[in-house]
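Visitor: This is the feature table in Swiss-Prot:
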type: DOMAIN; residues: 11-126; note: domain 'MTTase N-terminal'
type: BINDING; residues: CYS20, CYS56, CYS85; note: [4Fe-4S] cluster 1 binding site
type: DOMAIN; residues: 143-388; note: domain 'Radical SAM core'
type: BINDING; residues: CYS157, CYS161, CYS164; note: [4Fe-4S] cluster 2 binding site
type: DOMAIN; residues: 391-459; note: domain 'TRAM'
Amino acid sequence: MKSSGKPLAAPKVGMVSLGCPKALVDSEQIITQLRAEGYEISGTYDGADLVVVNTCGFIDEAVQESLDAIGEALAENGKVIVTGCLGAKKSASGSGLIAEVHPKVLAVTGPHAVGEVMQAVHSHLPKPHDPFVDLVPAAGIKLTPRHYAYLKISEGCNHRCSFCIIPSMRGELVSRPVAEVMLEAENLFKSGVKELLVISQDTSAYGVDVKYRTGFWNGRPLKTRMTELVGALGELAAQYGAWVRLHYVYPYPHVDEIIPMMAQGPLKGHVLPYLDVPFQHAHPEVLKRMKRPANAERVLERVQKWREICPDLTIRSTFIAGFPGETDAQFETLLDFIREAELDRVGCFAYSPVEGASANALDGALPDDVREARRARFMEVAEEVSAARIARKVGKTLKVLIDEVNAEGGIGRTAADAPEIDGVVYVEPAAKASKRYKVGEFVSVKITGADGHDLWGEV
């Protein structure tokens with residue numbers, strides 16, 4: 001059979017990605033597989049033959065946002081496959097929530113289900129056949145800017161926090177093989193990534209499910225454990241002049257082993273002095289009802305010890321105010337903890353019942369206005385603490401990774417600032433050509449000003 005000479009148009013798939021960075025990585029993996037098989041990615045509904053919507057189902061607002069996004073995709077395109085956490089959520093009747101609200105979707109899967117998503121895509125939009133073209137770089141397709149990327153090291157969680165339903169949606173902890181993680185990290189650095197953000201549901205638990213099994217990387221043994229993984233990632237980052245940033249670090253004892261890497265030796269400046277630790281509360285009774293580790297005094301001692309070892313350490317955390325049964329005195333204990341721990345970056349949610357969470361059955365539910373008032377008061381205190389710590393940086397010269405360049409100068413981040421969630425540095429335009437900077441470059445910036453959240457500086 002003779003060829004017509006015209007290449008067949010590749011089928012196009014649209015992608016809508018909602019939720020946390022872990023869901024973003026799932027979306028990246030789906031897009032990578034689509035491109036590997038020859039599909040094109042469409043940035044518009046009307047330019048796509050089919051749309052995949054990756055959902056979030058953690059809190060009620062996220063559920064509604066996901067349902068709205070599915071509805072919009074159905075209205076604008078008509079052919080929709082749904083994946084993500086909301087896909088695992090049941091309705092009050094016990095059936096799948098998405099199928100009940102949007103019965104016209106083509107298929108529904110749960111989270112981290114690339115294979116199932118691809119099967120659904122194949123069923124409704126057969127893949128093209130072009131074995132002569134490799135469309136995908138080794139680093140995969142990323143939705144983040146080229147100079148930073150998320151590295152997911154595990155999926156699922158073994159905790160059973162009373163306010164959370166993530167384990168019921170994402171399952172028990174499953175750690176990725178250490179060699180697979182290291183290979184992905186190496187490919188990302190080779191592709192030009194300057195900042196690697198390590199994520200999971202519980203980074204500290206990496207390897208627990210496989211009893212810290214020893215794997216191999218570049219011919220040498222490497223234990224499937226957070227400490228050893230961070231050390232290896234730091235060594236790799238040093239080869240490429242890059243950063244490694246740790247997120248979702250539960251305060252297990254072996255976290256203490258990471259702090260010296262941040263403070264001294266060859267990994268200093270590559271394993272960033274930054275910990276994202278979800279403390280959630282500080283009063284032992286509230287923590288007990290949350291089914292969280294309940295030794296707040298010990299946590300405070302450890303935070304202070306970490307800072308003795310690594311004075312530049314930045315600690316980010318999240319908290320819940322107005323949890324069922326929280327008394328005025330218990331809330332004041334939380335505020336005292338924030339002041340004493342001097343946390344750098346803090347987020348706080350007013351407690352909100354989540355369908356399926358065991359906390360819904362607890363006594364002592366607080367009125368909406370009390371919960372919101374406590375959240376607002378918490379943030380007032382947290383912002384005072386944060387502003388005081390940020391002000392200490394004025395006059396210092398800091399290493400900044402440039403995220404954006406425009407007519408007014410540049411916008412970048414220091415080691416203390418993760419993308420999207422922390423502050424930024426507004427950098428004045430370079431006065432000399434020799435000092436001009438580009439996106440993805442590290443520059444030395446003298447800090448000239450600060451507000452409660454961001455910094456200003458000049459090269």
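Glycine too: its Cβ is placed from the backbone N, Cα and C atoms.
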Visitor: C-alpha of CYS85 ([4Fe-4S] cluster 1 binding site) to C-alpha of CYS157 ([4Fe-4S] cluster 2 binding site): distance in Å?
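Guide: A Cα-Cα distance of 13 Å.
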Visitor: Nearest to CYS56 ([4Fe-4S] cluster 1 binding site) in three-dimensional space, by Cα, is which of the binding-site residues CYS157, CYS161, CYS164?
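Guide: Answer for the nearest of the binding-site residues: CYS164.
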Visitor: Among all chains shown, work out which of the binding-site residues CYS85, CYS164 has the most CB atoms within 10 A of its CB.
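Guide: Result for the most crowded candidate: CYS85.
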Visitor: Where does the mean pLDDT land for the domain 'TRAM' (391-459)?
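Guide: Summarising the domain 'TRAM' (391-459) by its mean pLDDT gives 91.
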Visitor: Under a criterion of Cβ-Cβ distance under 8 Å and sequence separation of at least 6, what residues of the same chain contact CYS157 ([4Fe-4S] cluster 2 binding site)?
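Guide: Sequence-distant Cβ neighbours: ILE166, PRO167, ARG170, GLU172, LEU173, GLN201, ASP202, ALA205.
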Visitor: Check the binding-site residues CYS20, CYS56 for other C-beta atoms within 10 angstroms of each C-beta and report the one with the most.
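Guide: Output for this query is CYS56.
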Visitor: Cβ within 8 angstroms of the Cβ centroid of CYS157, CYS161, CYS164: which residues besides those meet this for the [4Fe-4S] cluster 2 site?
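Guide: For the [4Fe-4S] cluster 2 site, the extra neighbours are HIS159, ARG160, PHE163, ILE165, ILE166, PRO167, GLN201.
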Visitor: Around the [4Fe-4S] cluster 1 site formed by CYS20, CYS56, CYS85, which additional residues qualify by having Cβ within 8 Å of the site's Cβ center?
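Guide: Residues close to the [4Fe-4S] cluster 1 site, other than CYS20, CYS56, CYS85: LEU18, GLY19, LYS22, ALA23, THR55, GLY57, PHE58, ALA62, GLY84, LEU86, PRO111.
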